[in-house]
Structures are given as structure tokens and as C-alpha cells.
Amino acid sequence: MFAPPAARAMKVLDRSFFKKTIPTSAARIFNAKDISRCRKELTASRDTLPNNRVDPIRPDVDSERAQKGGKCLVLRPEVVHNDRTTWSPKLRDLEQDGTLGVIPFQLDLDYDFFTYSEITSAIIPPPETKQDDEIPQGFALAGHVAHLNLRERYWPYKYLIADVLADKNPMVKTVINKLDNVGTENAFRTFQYEVLHGPDDMNVELREQGCTFKFDFAKARQYATIMAGVGPFAIPAGKKKCFVWANDLNPESYKSLEDNIRINKVGDFVTPRNTDGADFIRQSAIDLLKSERSIPIYPKVKFSRSAPPTQKPVPDRTLVQPRTFQHYVMNLPASAITFLPSFIGLYSNIPGLSIGEAKKLFAPHTQQKLPMIHVHCFSTKSDDNVAETKEICAEISRQLQCEMTPETPDVNIHDVRDVAPKKRMFCASFRLPEEVAFREI
């Protein structure tokens, strides 16, 4: 009943086409002071229109009454104004005591009423088979830019889809469609795109986890930490006073990362790097051993201009940067798993440090364990992810030349999100095996 009219032949959005009139009835409220009571009672008796997107209180259909503030309540279509058998007992009681009258009413709906899903479903034919993709509903949002990844069958409708999406999402000013896979066309993880709606303005600003990020969406990706992008993982961690070394090969991402470190005032805790991920894995382990950093943490004190502090504040604790990393995050699912060989012999070739001395950096000689590796990757979809978990562990084993199974201690494979009808993103977390970390190379 509330669906828009079908428009299968439409290729260019015509907003004026989506109009619909639903014949129904309305309760004319004779006294304005009774509107609230009548609405409550008729809602309880299920006489009002059962649609949360329609305001049931409307100006009276009689123009003279409407000018004087007259209102009516829209009733469900099953209520017929001249057939009392369709009225509920409550509606009859209110009519008999003179509180209201039941009149015919035309409910007019237009483009603004219908949702994105309703409009696109009215235009685009449904999938012919279960194997076909459903009409695209989701999109990635970065600031004012909505990012689509349309399948070929929807290309004839791409501009129409973009126009409707922007109409129904006020924060969206620009809609783009990705033309290739991130990370497959170039080393900087950028992608080709086409603008479907709005200006070609990719300079975005967004806020997440109490942090502000500014970057060019076309030139920099917002992912993290060996592939750190503009810092969406590194900077929130820095806000929590975690020492983070964040690397990205893309110079545009690196520039935005530096800017965002400054904007969010986390320079004491986040160290940016601009190099290849494989080189960063090895070199950062060496550099961190040589690096010394301690950050005093001061208690929060309220200052008054009229009564400035008389003594220099004293830190209540000092945070010291560890000599080894506790976690490595590799969030580039298209290729991150291929960087795992860089961890082979990570601590076997430290200048000035023998393998025996390197082993003493970790348990049982210290409280520090070997680092956890968190690598994102793609796989297929299933209801229980059992086959996918085994497949991912097998690939990790192949990359590290060390057997890894779902039963291995500290191994955890969890699904992050669906990215396509038959494709799912996973994050594989595992502790770097000792035989890998100290293998002679």
C-alpha cells in the first residue's frame, strides 16, 4: 500500500513521478484541546494509520476549518467513513459523544516520503536468480563522500542510484563508484573511481573515537599500522597513551598521518614512518631497540587566571616506551598476508645483538612475550567459518614456513564483515612463533 509506483523504464531520476494517493478516512477533531487525547485513544484502539513515517495529525480538509487551526487524525485505510461496521468501539464512542466526526481523506505521498530502498526497488528489476546480487543497499562513508562498489548488472542505473542515495542521506554531497580493487592496481592502495553525483571533492574530514581525521580520499586510505593510512587505528591508540609506530608507503597518506597526529596532539605517542611495509617490519624492530622515550604524565589540574599555579606541576607517573613491539597490525586485506615472510628471522639479525641475547628480551627472561600479529585477509563465506579458518591458517603456515592451525595457542581467526555475496573479510591474530622470530636467515 505504501510502496511507490513502479518505474522499470526509468534511467534518469524523475522525482515528480513518485507520487501516490491513498484513499482513507480521517477523524475530524472539533475541539483543539481534544487532539492529544483522541490521538492517544485511537492509537491504542489501532484506528490510526499504522505507519511511523506519516504524521497522523493533519490540517482539516476543509480550508476554512484549517485556517482556524482545525485538525484531523488520519485513520487506517480499512476504516470507511460511511460504514460504521468498519469502526472500532472507541471510534464510535468518540463520534457519538460529539468529540469527532469521521470524514473521507486523501493521503498524498511524494518522493520525499519514500526511502532509498523503496525508490531503487521500484526502478531496478529484482534479481532473476538467487545467485544474482541484491540491489545495493550499503555504502562506505568518508566525510561527505559516499563510496559505492557497484556490480556490472547495476551499471545502467549507477547515476540514478547515486542521485537517490544523496537525496536520502543529507550528509552525502559526493557519490563515487570504485573501478578497481584497493591495493591491486598500485602500491599506494589508492583506486580509480568515477563521480556519479556531486562535485569531485575528495578532501574529507571525519571524526571517530574522539579523533579528527583530514585527508584526500582519492590519494590516501584511512587504514592502519604497518599499512597505517591516515591513522584511524594509530591515533586513537595514541590518545589512550599507547606507544605506536605507524607506517604507510603512500606519501599522501603519510602527509595526512603527520597532519592528523598534530591535529589530535598525539605526537608524544605516535611515531610516523614512510617506507615499504616489509622493510618497516624489520627496521622498526631494530630502531625500537635503539630508541629511548619517556613521557611524563601530569595530573589534570584546573587553572584559574585570577589564581595561577605557584608551583611547577609534578608528574604523577612516567610512561616508558618498551624496547620491543607487543602488537603488529596489518590492515590491507588484499595483500597483507604476503608481508608475513618479513617476520621470519625478525630477531636473528639485529646488529650488535646475538640470537641468544635477543631471546633474553622475551619470556621467560622478561615479562615481555613475543608480539601478536593481526593480519587482515579475504576468504569465502560460510555459516560457521570452519573451512575458511583452516584455509587462512594454512596460508599463514605457508607464508611463515611454520605450521599454524586453529588449535595452536593464541591463534584466533574472526570474521570482520561481509564484503560481497561470496566474500568475507577476516582478521587472523596469532603470536609470532619463537622458531620464526629467531630463525637464522
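Placement of Cβ uses the backbone N, Cα and C atoms for every residue, glycine included.
Note that this is a predicted model, so its numbers are computed, not measured.
Swiss-Prot annotations:
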type	residues	note
BINDING	Arg221, Asp248, Leu249, Asp276, Gly277, Asn331	S-adenosyl-L-methionine binding site
TRANSIT	1-9	transit peptide
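Secondary structure at Gly277 (S-adenosyl-L-methionine binding site), taken from DSSP and collapsed to helix, strand or coil, is helix. The list of residues near the transit peptide (1-9) in space but at least 6 beyond its ends in sequence, with Cβ under 8 angstroms from a Cβ of it, reads 17-20, 22, 51, 77, 109, 114, 118-119, 122-123, 125.
Within 10 Å of the Cβ of Asn331 (S-adenosyl-L-methionine binding site) there are 22 other Cβ atoms, across all protein chains.
Ranked by how many other Cβ atoms sit within 10 Å of their Cβ, the binding-site residues Asp248, Asp276 place Asp276 at the bottom. Using a 10 Å radius centred on the Cβ of Gly277 (S-adenosyl-L-methionine binding site) and all shown protein chains, the other Cβ atoms total 22. The residues of the transit peptide (1-9), classed with DSSP into helix (H, G, I), strand (E, B) and coil, number 0 helix, 0 strand, 9 coil.
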